[in-house]
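Student: As annotated by TrEMBL, disulfide bond applies to 394-406, 401-419, 413-428. What TrEMBL lists as domain 'Pentraxin (PTX)' is 1-170. Look at TrEMBL and you will find 176-292 tagged as domain 'C-type lectin'. Look at TrEMBL and you will find 649-669, 675-695, 707-729, 771-790 tagged as transmembrane segment.
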């Protein structure tokens, strides 16, 4: 059999006394098939949408073990059948109505409201090829047991029997609608698109005659000139080449009367004349419009309390009071009353007026969102109540502007006007809270566990490292992330995070914390921002909601609080190994004690980073990480400051070594040049002490001895001892004069006998040749072992 429905709610049955023999039932998105009350699962992966006034072909193949159902010539259901496959009609065949019991009631919810034809029964299973031929209108398909074409039927109720050629069943003629208000060409095109339709373009004489018949009731109101109704054609780009404005493709059919010019270079838009022929016309002139509606063209009426989504569907269908009206898929319509210049929502079952609205521009249609006044008690609304109701083509995947225009959800609240009326940038609040929400109470985690806060810290730059006061000044970003299952969000962006406005920030809870190791409280908050970083698990708007925004659950989307600080922190410098020291410093945070057991850090999912230069003037930044001492409420970010040794070695160790060598060289000056030796030794000592003093002033004053102190103390001691050696060396004058060539110049050992030297001179020679170098060598070995140990 073949069905063409008027009301989308569909139930087909052939019934015996007590049970449904065959039922095909569609309730919204729930498609079900029954055979003798046994439900079969719909297994086809193809989606079949039932549309009003469109022929649909169904075929059941039933044998004792299996049932197969075909829809539009394709297999929809095939499965095992456990019940009685015999159709117990008992001589009674009921078409289009599900009878609950013997002589039971016939209800509107169990009846076909539409057309039915080609009902046939065979005593054999049809082949798939035969079923496809029937569905494509290639075969008449009269059953050898029963055929509706030849049977005599008993009709009950307002049923009309007509004849239709087989070729007309599968041909869907265009559905036209005339808009009997004066509009320019572009305004008519825009209005058709608001209806989800396209501007009418006849493709044949037959289509043109059908469109011409639609124009006839409005010839007198469609303008006073010779051109009455716009067609969807223009030759604005290339003169004489008429293009379909819907597809932007040239057309092969035009109904221009022989010998009639096509309008010239100025008349670039096509209009229909009172005789049905076409002609070019100025596009700015106002005429009636014409639209082509597809079977799938419908609008959504939102704001009432329909039981399923199909009830929200309305379509342009015919004319009432000289204007198109909107017929619902079920039992409601939106109609115009010319007498009161008002639009009404009417219940067509009892002809009761449910609500009304009056538009400022009476030439417009109630598209978009308007305030409607109830005349009856509907959806918990009493007569006189005003409610916002919308009518538009926007589906659940689109946002509806106030004027009925549809845009993608990602264009909502993007700081740009994408709706012509700018309504896409209205009501852009992101956070929605219910009446039970308290901003000062932290949310709980899953299963009422403690809330997990994930920290992320980014150090951007070190503004100062003060060795003397042991203070580090740095700039950093702190980001805390968590979820709040008590919230819902709107207008989230999938391509980037959604920043919250101040009004939204005030609504919600955010974690409070203390920075623990500040130096004298030196901290400055440079900026703060709160955002939603994800856009997951979006829920389409409820089909009755006028608000068509997507809604995102709080438990699936992350809230991020980012604060930008510049602060000074105390750091206990250990300078024992200076200048080969590595300082371990930290940034310490702690959640407020009132959050104990309710809010905790989760360090293992957090991140810490440094995006500044790795090498500063005196230090290198290394090993930035969360400290192992971090606990549920405490967070430690630790890092190392490794002192850069190059400049310190050049400015401290090299000069001190050179001064030591100079002092050592004084031991080789002539013994009778006491003034030279004394002045050189004292000068090196004074210079070294000055160097040591300057270095000490740049370091913290501590009671502990540092390696650098040991280094200088040792060299100072050697320089001092060298001076003492110079002073207390006792050399007899006659020996000096007699042997000065031996003492003051390099002479082979065999040229003199050291046994003749005085004891003081022999000690002096051993000191400068052996004792002093050995002391320096031993000290350096011990010193650098210590350096390596601490670095």
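Including glycine, each Cβ sits where the backbone N, Cα and C put it.
Because TrEMBL annotations are produced automatically, they should be read as predictions rather than curated entries.
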Student: Calculate the per-residue pLDDT averaged over the domain 'Pentraxin (PTX)' (1-170) and state the result as an integer.
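Tutor: It averages 72.
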Student: Would you kindly give the Cα-Cα distance separating residue 406 (disulfide bond) and residue 413 (disulfide bond), rounded to the nearest Å?
Tutor: 14
Student: What residue among the disulfide-bonded residues 394, 401, 406, 428 has the most other CB atoms lying within 10 A of its CB?
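Tutor: For the disulfide-bonded residues 394, 401, 406, 428, the Cβ with the most other Cβ atoms within 10 Å is 401.
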Student: Distance between residue 428 (disulfide bond) and residue 401 (disulfide bond) at the Cα atoms, whole Å?
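Tutor: That separation, Cα to Cα, works out to 13 Å.
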Student: Between the Cα atoms of residue 419 (disulfide bond) and residue 406 (disulfide bond), what distance do you get, rounded to the nearest Å?
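Tutor: That separation, Cα to Cα, works out to 8 Å.
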